[in-house]
Amino acid sequence: CHGALAEENVSAYFVLYFKYSAVDTNPLSVYIMQHLWNRAVKIVPLWIAPNLLTFCGFVMILINYFILAYYDWDYTASGVGHEHVPKWVWVLAGFATFFAYTLDSIDGKHARRTNSSTPLGELFDHGLDSWATSLFTLSLFSVFGCNGETGVSAYTLYTVLSVVLLTFMLSHWEKYNTGVLFLPWGYDISQVTLTAVYLVTAVIDVEAWYKPLPFGYYFTDILLSMVIGCSVFLSLPQTLYNIYKAYRNDALKMSSLYDGLLPLLSPLLLFITLTAWVAISPNKILTKQPRLFLWMVGIAFSNVTCRVIICQMSNTRSETIHCLLFPLAIIVCTVATGLSRKIEQFLLFGFTALATAAHVHYGICVGRQLSKHFNIYIFSLKKRVQE
């Protein structure tokens, strides 16, 4: 816990130089949703801490994920001949997604309204967002399903999740280099789309999504194309352009190309290692345990991203290799030798538990350290008593 923020000057930088800088140019957000958020934030009592709004939104998404996991553990419940997810779950998923989206959008406004904006609040917000990104995606997969002709394969689910997580990571890599968080257009579009899909599913039932469209396409093809399209054709070009613009204006924070690209090393190695595991698994581990494997992917990417977020907020150099890569590499090498054929699922269970525990532990330790440093409580507007 002591080493969560290894150096005291990291915390000190937060106090001396930190300034939150974000730009939102999404027309959906600017011209429509912001008006709703400005009204919604006025309903929140002034004694409620902004971090409490952030956490409540995250808990909604987490509960929604676990309910869907209960009814659809292996992503087959939407298939023909299987017992479908109850309609009330889809209604809950729609409202939980929209309310979480609302709370995530007004927590910063509420912080400025109560004069309680802190680096801890930004880190808490974006840290939970890095985890929620995978939960949003994994919950949506229950609409697709891994079933027959009309469903999608577990490998497609893994590819889509990886694209979404890497896109989220790129937005914070962008801030690491430019000092400004350009909010990706895909976020607002995806949240509104998710809400609509869940509520429509509750009305027409999940099988309606599997009716063929002209030219042999299905609604799932369109939905997946939208998810990947928002990432590849909206967020990625926006990120690259903003970094280029900062370079052209001599406004990059990193002094060398190596330092600028360093945060991408661990995510890329993580993706390569995980993909290698999927490719060489003798038990086809991804198809046998899709939910567990994809949960582990989301947790690992979230922890890597959180460390980059801390580096870009504290203006410190990114770590070279993430610590979770070492046990993961050992597991993949063991799988490659064929010696772990009988225990591969146990290795997955063990590494998933390790990654989840490490991520939660890291978040708690960083939160406690910054809370103590700023003399504030995480979930209260009261000041801490100096020790």
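Keep in mind that glycine also has a Cβ here, set from the backbone N, Cα and C atoms.
TrEMBL: automatically predicted annotations, no manual curation.
Annotated transmembrane segment per TrEMBL: 43-68, 88-106, 151-170, 182-204, 216-236, 257-280, 292-310, 322-340, 346-364, in sequence order.
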Positions on the same chain near the transmembrane segment (257-280), where near means CB under 8 A and six or more residues out: 155, 158, 162, 166, 169, 172-173, 176-177, 286, 293, 297, 300-301, 304-305, 307-308, 311-312, 317-322, 324-325, 328-329, 331-332, 335-336
Recorded stretch that, among 43-68, 88-106, 151-170, 292-310, 322-340, has the most CB pairs under 8 Å to the transmembrane segment (182-204): 88-106
Contact set, same chain, for the transmembrane segment (88-106): CB under 8 Å, 6 or more residues outside the stretch: 33, 36-37, 40-41, 44, 53-54, 56-58, 60-61, 63-64, 67-68, 71, 125, 129, 132, 136, 139, 191-192, 194-196, 198-199, 201-202, 206
Cβ-Cβ under 8 Å with the transmembrane segment (322-340): same-chain residues at least 6 beyond its ends: 266, 269-270, 273-274, 276-277, 280-282, 300, 303-304, 307, 347, 351, 354-355, 358
Beyond the flanks of the transmembrane segment (151-170) by at least 6 residues, Cβ under 8 Å: 75-76, 78-79, 129-130, 133-134, 137-138, 141, 144-145, 184, 186, 210, 220, 224, 227-228, 231-232, 235-236, 239, 263-264, 267, 271, 274-275, 278, 286-287, 290, 293-294, 297-298, 301, 304-305, 308
Long-range Cβ neighbours of the transmembrane segment (292-310) (under 8 Å; 6 or more residues past either end): 5, 10, 123, 126-127, 130-131, 133-135, 137-138, 141, 157-158, 161-162, 165-166, 168-169, 172-173, 176, 263, 266-267, 270, 274, 278, 285-286, 316, 318-319, 322, 324, 328, 348-349, 351-352, 355-356, 358-359, 362-363, 366
